[in-house]
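Asks: Just passing along the structure, written as structure tokens.
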Amino acid sequence: MWKLKIAEGGSDPYIYTTNNFVGRQIWEFDPQATDPQQLAKVEAARLNFYNHRHKIKPSSDLLWRLQFLEEKDFRQNIAQVKVEDGEEVSYEAATAALKRGVHFYSALQASDGHWPAENAGPMFFMSPLVMCLYITGHLNTIFTEEHRRETLRYIYYHQNEDGGWGFHIEGQSTMFGTVLNYICMRLLGEGPEGGQDNAVSRGRKWILDHGGATAIPSWGKTWLSIMGLCDWSGCNPMPPEFWLLPSYLPMHPAKMWCYCRMVYMPMSYLYGKRFTTHITPLILQLREELHTQPYDQINWKKVRHVCCKEDTYYPHPILQDLIWDTLYLTTEPLLTRWPLNKLIRERALKKTMKHIHYEDENSRYIVIGAVEKVLCMLACWVEDPNGDYFKKHLARVPDYFWVAEDGMKIQSFGSQHWDTAFFVQALLASDMTDEIRTTLAKAHDCIKKSQVKDNPSGDFRSMYRHISKGAWTFSDQDHGWQLSDCTAEGLKCCLLFSLMQPEVVGEAMPPERLYDSVNVLLYLQSKNGGMPGWEPAGESEWLELLNPTEFFENIVIEHEYVECTSSAVQALVLFKKLYPLHRRKEVERFITNGAKYLEDIQMPDGSWYGNWGVCFTYGAWFALEGLSAAGKTYNNCAAVRKGVDFLLNIQLEDGGWGESYQSCPDKKYVPLEDNRSNLVQTSWALMGLIYAGQADRDPTPLHRAAKLLINSQLEDGDFPQQEIAGVFKMNCTLHFAAYRNIFPIWALAVYRRFCNPNSEAISKPSK
């Protein structure tokens with residue numbers, strides 16, 4: 001049976017940590033764990049997911065939950081409540097539902113204080129890792145038979161009905177998703193006609209029916225070239241010489257969004273080396289299976305710009321293709337021949353590897369994300385197959401695995417801090433401190449231990465990095481990459497804890513470390529008042545014309561986001577109340593400019609585009625709460641009025657809200673099919689309206705939403721998993737499995753606190 005291990009480093013001599021592995025979560029298969037009741041529950045969960053896989057795509061993340069609830073012998077002692085038709089929401093009902101949710105999810109807290117959860121969904125994370133391990137000869141070392149079984153399960157369970165696989169689990173079939181998962185199945189031992197429900201042959205048919213693997217997007221062409229399944233001449237150039245350009249040039253990698261920079265750094269190294277793995281009999285078979293014509297007859301030059309229409313979200317501008325053609329026809333032939341291959345190319349490759357090693361070391365070999373991790377690991381192996389750099393990479397591979405009832409998948413890199421900071425705020429809003437003292441104290445300790453204590457090593461600015469001391473990451477401290485919203489949410493938690501008795505929640509974070517966090521936030525704010533995610537924004541927008549991907553938008557440079565801006569405004573408003581003299585003018589200016597940014601980016605219909613959640617509902621919650629924190633109200637701010645009207649206009653008959661992920665790529669509000677409600681989105685809308693003062697005007701929409709949340713709660717205090725709620729870069733969904741608990745609990749807590757308990761619809765219990 002699979003078991004989730006918390007804050008363990010194991011005995012691997014090549015792994016190291018900055019905080020004793022707080023937040024680390026790894027899965028191990030325990031052959032001795034054979035409890036028949038637990039095994040039966042796991043098998044039932046798998047079967048239930050399989051039977052409903054085309055209706056509810058994200059997992060309910062049940063394996064670790066079953067484990068933790070069993071280990072803690074959790075029993076729900078508060079009776080389930082329902083609000084009947086025509087009945088008003090009572091104080092007792094709201095309180096009971098809230099307490100049931102809090103007790104249930106508190107029981108799922110890990111030993112180090114964080115809340116584990118799946119954070120996955122893209123269908124292009126696992127295959128590159130499998131290819132990398134196949135190339136390096138470590139596939140059988142890392143992938144046990146149990147790893148193979150669960151990885152294949154995930155692929156089978158997320159195959160679309162037409163035989164293909166999507167860019168992400170909610171999406172239509174794409175060439176990128178289908179080719180990568182096809183290769184993954186074959187490398188893991190499936191034959192050409194193998195796989196559950198004829199998965200392999202159905203996938204191959206989809207590929208060939210849609211033009212074959214030469215129509216895969218550019219990232220796919222790179223991996224196929226590495227695998228010997230395409231020729232490098234079928235790829236657009238990724239010259240490592242970009243790293244030799246003067247940093248003041250607009251197209252220098254230093255100007256890129258960090259994820260873009262971190263993807264093309266190892267890609268450019270592998271391209272510059274023209275690395276291709278040893279051609280095995282299996283690769284020769286795959287050449288025959290994936291292409292519509294014999295491999296040696298393919299005109300690779302003609303397929304460089306070919307991309308399957310199902311994959312194309314961001315078509316390349318003509319200008320970009322002209323640039324690639326110029327590099328392809330003139331620059332690359334020169335740089336790959338003597339003497340420039342010695343004078344320039346080798347120097348560029350060394351410079352690129354210097355940056356790779358720097359980034360690896362400063363993330364403890366976790367690297368910034370799943371895509372980048374595998375590319376950097378392969379680059380280290382290509383440089384030195386027996387070197388310590390590669391061995392350190394191998395030691396951190398388990399950090400990316402996640403196992404649920406739908407199988408094994410690769411996480412983005414983990415949402416440990418993000419989920420924990422949100423749930424802490426939900427707990428504090430519940431006003432249940434006396435019942436959850438231990439839970440709060442452990443969470444407080446985890447958040448304090450997860451703060452980044454130092455900037456990147458050495459002369460970090462010369463490595464195109466920025467300050468991180470005082471920040472929080474998305475996952476854990478070892479990851480190292482600062483994030484503005486994660487920093488703001490962590491700061492909010494620490495400030496709220498500082499208002500509580502230390503004998504209850506532990507010692508408050510020292511003011512100096514709070515000041516470090518404030519420094520990060522002040523450093524990152526843009527001139528327009530908005531907040532970027534990772535690094536300062538402000539580079540020229542025209543650089544987005546050079547976006548080399550076909551399936552993402554706005555990935556070349558850093559941008560400002562409504563969510564990051566709101567989180568930072570909320571955090572600094574609270575900080576200003578508690579530390580009114582610290583950098584007072586800067587903090588006040590930040591809040592003023594941040595609020596103005598939130599007003600300025602509002603859409604004409606009153607909505608805000610959410611960048612990291614689905615979508616306009618998510619953006620509206622953040623914007624309205626941020627504006628409220630800055631002193632903007634329904635009466636004094638037109639943006640608040642328009643935002644409230646937007647949410648009220650899309651409320652559904654059952655009192656909920658339900659928005660399709662399709663809103664994200666379409667950039668317009670798209671309701672869920674059949675006007676279904678989604679509990680997570682209902683919670684966002686409910687909180688947004690409450691912070692906008694809706695309870696003082698007409699609480700009826702709030703009571704209707706609360707009724708839906710209360711009536712949807714399950715018998716044990718959990719909430720049902722519904723449609724995916726997370727997204728990134730407009731076109732790829734991301735499953736935050738913790739959201740289905742965090743946000744309904746938080747919304748009920750805020751509802752109970754701010755919807756006047758003496759009103760007609762929600763009343764205090766009679767004495």
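Backbone N, Cα and C atoms are what each Cβ position is placed from, and that goes for glycine too.
Marked as active site, proton donor by Swiss-Prot: Asp485. Under the heading repeat 'PFTB 1', Swiss-Prot lists 148-189. As annotated by Swiss-Prot, repeat 'PFTB 2' applies to 640-681.
Just tell me what is around each of these and how deep it sits.
Replies: Sequence-distant contacts of Asp485 (active site, proton donor), defined by Cβ-Cβ distance under 8 angstroms and a gap of at least six in the same chain, are Met531, Gly533, Tyr561, Glu563, Cys564, Ser567, Ala568.
The list of residues near the repeat 'PFTB 1' (148-189) in space but at least 6 beyond its ends in sequence, with Cβ under 8 angstroms from a Cβ of it, reads 2, 46, 49-50, 53-54, 57-58, 121-124, 126-128, 130-131, 134, 139, 195-197, 199-200, 202-207, 210-211, 213, 215-217, 219-220, 223-224, 227, 229, 282, 285-286, 289-290, 307-308, 310-311, 403, 406-409, 551, 661, 723-724, 731-735.
In the repeat 'PFTB 2' (640-681), helix, strand and coil residues by DSSP number 20 helix, 2 strand, 20 coil.
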Asks: Take every residue in the repeat 'PFTB 1' (148-189), average their pLDDT values, and give the whole-number result.
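Replies: It averages 99.
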Asks: The repeat 'PFTB 2' (640-681): which same-chain residues, six or more beyond its ends, come within Cβ distance under 8 Å?
Replies: 170, 313, 602, 605-610, 614-618, 620, 623-624, 627-628, 632-634, 688-689, 692, 694, 701, 703-709, 712, 719-720, 722-725, 727, 730-731, 733, 739-740, 743-744
Asks: Work out, from DSSP, the number of helix, strand and coil residues along the repeat 'PFTB 1' (148-189).
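Replies: Going through the repeat 'PFTB 1' (148-189) residue by residue, I get 23 helix, 5 strand, 14 coil.
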Asks: Kindly assign Asp485 (active site, proton donor) to one of the three DSSP-derived states: helix, strand or coil.
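Replies: Asp485 (active site, proton donor) sits in a helix per DSSP.
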